[in-house]
Amino acid sequence: MEKYLIYPDVRDNLIAFVSDNDLWTYNIDDKNVERLTNNLGIITNPRISPDKKYVYFRLMTGKSGDSSDIYSIDIENGNLNRITYLCGKSTSRRMYTSIAGFDKNNNLIISTDAYYPFGTPMLFRIINKNLEPLNLGPALTIIYYKNNIILGRNTIDMPHWKKYKGGTRGKILSAKNNDFKIVVDLESNVNSPMICNDNLYFISDHEGTANIYSTDLNGNNITKHTDFTDYYVRNANSDNNRIIFQKGGSLFILENDKVTKLEIDINVPSVNTENRILKATDYLTDYKINYSGNLIGLITRGQAIFTGIKNGPAMNINKLKNQIIEFMNNNNVVVYNYNEDNNNILIYNIDKTLRNSFEFRNGIIFSLKVSPDNNYIAIGNNRYELFILNIKDGGINKIDESKSGVINDFSWSNDSMLLAYSYPETEYYGYNGSSSIKLYDLKSNKKYDATTSGSVDFNPVFSIDGNYLFYLSKRSLDPVSDQLAFNFAYPKITKPYAIPLKENVLPLFSDVPEEFNVNTLGNYNLKNILKLSEVFPVSAEDYVNITPVNNGVLLFYFPVEGSMKYYLFNNGEKAGNVNLFDFKNKKSELYENDVVNYAVSGNKQFLLIRKSGNKFIKKEIESKKDDTVDIDRLSITVEPLNEWKNMLYDTFNLIKENFWSKEKLEKLGDEPYFKYKRLLDKISSRFELSDLMREMQGEYSTSHSYEIGGDLTNIDSVGIGKLGIDYTFENGKYVITKIYNGDLSDENEKSPLLYTDIKENDVIKSINGVTLDEDNNPDRVLLNHAKEIITLEVEKGNELKKYYVKTMIDEKYLRYRNFVETNRKYVHDKTNDKIGYIHIPDMGMNGLNEFFRIFDREANRDGLIVDLRFNGGGFVSQLLLEKLSRKRLGYDVPRRGIILPYPIDSVNGPMIALTNEYAGSDGDIGTHVFKLMKLGKVIGTRTWGGVIGINPKIKLIDDTTVTQPQFATWFKDVKYGLENYGSEPDIYVENMPQNFLKSQDLQLDTAIEMILNDAKNYKKLELS
């Protein structure tokens, strides 16, 4: 069977390539195939050394392949050698540490962002197993040819975004005597630059499908050499005589304008396709407890399982892909099964016998709840619709639909006649919009408003006796003062409420003794409930769940804390507290702490509580007696080939359901899926599936089409202890050339060496007793010593001293802070402290922090440079632009102290923004709106060009997040034109390699010159 062959290289008659995550060679002459590695991790981007003795390659390790380093292997004897000790950042769509080329002396050159604060690879030469910076600025590849140095800047293989035309599209630069000029710049992506037959070759998709083109060395006379229209040509390399490339998982040779497919036969079984046994708790996505509290049901890695609390068989009901599990009150099990062949609600007996199967044809189910009488199932889907399924006759009735959000928060009354649900009414940027509580009466088929609009009302549930509807509402406004900026926030505004549902039911907190209520309880009275809400007498918290119990409710809430560990894909696990509110004494007391979430049994007597660290307990609600639930004993069998089939379909179906442009979906139809499904039988590893999925995502030619995380390899990455320094290897010694710091008084902003008297130009002689030499550099010796106390032996002049320091695990932030403080000092020094400088690294939590930590100081100078370069995006640009747009209108003048501007923190002078091609997403938007708001001129290069937002809610079965572009961005001047183009600067300035060689930031220098001139003509508001 034909295998999936990728990342080829050629040198004379020898070809190196990757398949099944391993490195292989193929001899063109005798057709001999050899496997050089076996299960090291994920191998990519091999390069054959000029002397054909070695193959260099990038090795990715860690569960999701998020760490990478460069290795070599001796072709003859198989000896493996690790070249770098970087633990470089890596993702399946972009590897930030890679092989860039060879210099004239055949020394290896790599590209890595490991020593730069942003995800922008720079070039380093490997000399004596140490890294020597080339100081040429951002570049991925380098070719030394005759008297030319040819650089590939941003020449990234981008299968996930085909027909890309934004600011970071690949360009090829060339120079003699380091005077670099751009020689290839097409209005589309360019990658794989190479020399063949004295011409410059590359891949581009500027005419539609990616093919191979060439120009002369000056970028003239562009010629097309291949003309494929099915799959993209990718990852091409040349030995100067012929070109090898991959297409559709096969390898091809281009020689003398003739294309030949290589028939490479690999008949070796793959360890990556073998079944594996995994712990069920590692992939848990749903968990429930049955009516009587003696069984639990789980969804783990897409498999549905139920078992006993402590023991008993683990019954695997149905495999791939199950998303939701629910117990009925008769102990039957409901499972939502969703894959290419089925989109069904399945009902099983406790012995796994299938009782009912109901096809669902209305998108993807997000939530379902079975009625207490076992006759109905309420269903909320991704299309903002709410349905009720009649189990007896199979009928499905849509009862409501929202324009603003999913309806997935609902519950049944005890008699199964009412369905209460939270109805989304408006959307609000980045947060929940307003929502109200509605009731649906099954008998009359009528809907009733239970709460007024304008707030966030959610989590409706019925009391144990059925007389009240409880819900949570974000209505108790009580602002809390911000401790850093003049601002207020509302972190605790949620309280529980109660609504009487039946005639003659007294308000819950009426204080009228029950004995005085002689009226007989009547039927439901829903016509007047809109005015009957009554707040619980408890303090406002961040409540997320209310659970009725006998004579009270459980209130689940989270503490107020920072957002950093939960932002984006940081995957922090929130844990909160559950309080018990007693109706009799009207007091709320702690019931359980360290709770991640919980499920309630059908008889309302037991909780299945998930605690931090994936620990579970079963708790009897009334007695508070708890018992450990042994979920760790459960395991699942993973069948990779079946999983991969499901994951490819799941990725496609999520695109169909969520992609923002209905017109593009209709135009492409199902072809993107079937096009890559045809290649599915070729793959032998999870990483190869990633490659297929990225190619399929790329068919939509839209930003933010990502695949993040996942179970790509079982080879763990090993961290390296960091010292927060730069060093060089000189005369057999490791000399400290730079000790990094930001603000010396702030946390995590200084090298651990700054706690000692170690200085720059001192020499590190040994670490942990290991003498440093050519073979043992500091990074190699610090492997597996991250965040540990180590010993350093340091030569200070003629003195040898020993130190104990604690290493860091990552110094990116430290290098970032040094970047910012160095630039700020440079601006201050060049302008005699007249001009302020602020850098905004992203439009997320880091960007907010960086902005507010210094904005008040920098805004009060005679002008302000706002540096948006390398902005990684997010969603807070409008918050920061709002602050920047404040116009100074007056002053607060005290008798003593400092005169303050009104509004506070308004900018005192003109502004200029810096941007570049690495500012993207909300960084694109921030740059563009800075211009739209006429806050000042923008200097730099065109931005990334990706402004279609994402909101992933469903993961693939191995915990992979795949994103679908869902929210397009429109502006009054360019309409939808920011997408796949970017924001143009007012003044184009690009930092070329020659600027980096001179340690010159031409963009910043231009901004300083312009803002000083603007400040001269700026009419400041003077106090008179």
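Cβ coordinates are placed from backbone N, Cα and C, and glycine is handled just like the others.
Per TrEMBL, the feature active site, charge relay system maps to H704 (among others). Residues near H704 (active site, charge relay system) in space but far in sequence (CB under 8 A, at least 6 apart, same chain), listed by position: S921, G946, I948, G949, I950, T963, P965.
TrEMBL lists 801-990 with the feature domain 'Tail specific protease'.
Summarising the annotation, TrEMBL assigns active site, nucleophile to S921. Other Cβ atoms within 10 Å of the Cβ of S921 (active site, nucleophile), summed over all protein chains shown, number 27.
Positions annotated as site 'Transition state stabilizer' by TrEMBL: D922. Around the Cβ of D922 (site 'Transition state stabilizer'), a 10 Å sphere holds 26 further Cβ atoms from the protein chains shown.
A sphere of 10 angstroms centred on the C-beta of E979 (active site, charge relay system) encloses 24 other C-beta atoms. According to TrEMBL, the active site, charge relay system annotation covers E979 (among others).
A gap of 11 Å separates the Cα atoms of D922 (site 'Transition state stabilizer') and E979 (active site, charge relay system).
Each residue in the domain 'Tail specific protease' (801-990) has a pLDDT score, and their mean in this model is 96. Annotation note: D922 (site 'Transition state stabilizer') sits in a helical segment as assigned by DSSP.
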